[in-house]
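A.B. asks: For reference, TrEMBL lists these features for the protein:
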type: DOMAIN; residues: 1-102; note: domain '2Fe-2S ferredoxin-type'
type: DOMAIN; residues: 149-178; note: domain '4Fe-4S ferredoxin-type'
Amino acid sequence: MNLTLNIWRQANPTAAGAMHQYHVQDISEDMSFLEMLDVLNEQLNEQGEDPVAFDHDCREGICGSCDLMIDGQAHGPEVTTTCQLHMRSFKDGQEITIEPWRASAFPVIKDLIVDRSAFDRIIQAGGYVSVNTGAAPDAHATPVPQADALKAFNVATCIGCGACVAACPNGSASLFMGAKITHLGRLPQGQPERDERVVNMVAQHDHEGFGGCTNIGECTAACPKEIPLDVISQLNRDLRTAIRNGH
Ligand code: SF4
Ligand code: FES
């Protein structure tokens, strides 16, 4: 495949960015999207040009760092991570536009890399449970109903990629936050800090500049882990309960 790429280039967080056009040849349809960008960067290196900066780590759909807006869609035309997106989803001769996540809470560091540390600060605000140290308790000491275990496990698959924020017209991180709150709120270990957790996480979310949820649903449609919209309802229920309890 031969492709034309329009890529956002920005030298640093304060520099003015612009779209630049590149051409890549002989791209196999079996390559991942990131491998296609590796080919472009080898080409740029050979030409003595600055390679395109993009984020990645596991390349297995686990770490959530390969955040790219491809033709206006978070992670591109398939519901998956960019590292799991293959070039067979594109056509020979296609022109592809590649941009960083667009959200004020995720400022651009360089080219296609954004700073997602706002998510880390939301987790620091409440995405944890406190446990006593000592010997591990017996597995059957804290029974968890199967329905709760399944729900907690399903929403624990959130990888913190930020596609939900990038896809949301409000730049809201409610799906991400709802996944964490639902995960811990369905388990006995998450009960002691449940009220405090939701209040602190929502306060940090707002402080970081993420927008509010208006039930559009773009977040769940873009989520590579299929986190459902009902986690946001759970978040809102937990928040109302916490406020009623005086938090
Ligand atoms: S909820 Fe989905 S889209 Fe949002 S951070 Fe988690 S895995 Fe990514
Ligand atoms: S590089 Fe880790 S999820 Fe894509």
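Placement of Cβ uses the backbone N, Cα and C atoms for every residue, glycine included.
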A.B. asks: Same chain, outside the domain '4Fe-4S ferredoxin-type' (149-178) by at least 6, Cβ under 8 Å from its Cβ: which residues?
C.D. replies: 61-67, 69, 73-75, 81, 101-106, 114, 116, 118-119, 122, 184, 186-187, 201-202, 205, 208-214, 216, 218-225, 227, 229, 231-235
A.B. asks: For the domain '4Fe-4S ferredoxin-type' (149-178), give the DSSP counts of helix residues, strand residues and coil residues.
C.D. replies: 17 helix, 0 strand, 13 coil
A.B. asks: Could you give the number of helix, strand and coil residues in the domain '2Fe-2S ferredoxin-type' (1-102) as assigned by DSSP?
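C.D. replies: Across the domain '2Fe-2S ferredoxin-type' (1-102), DSSP assigns the residues as follows: 20 helix, 25 strand, 57 coil.
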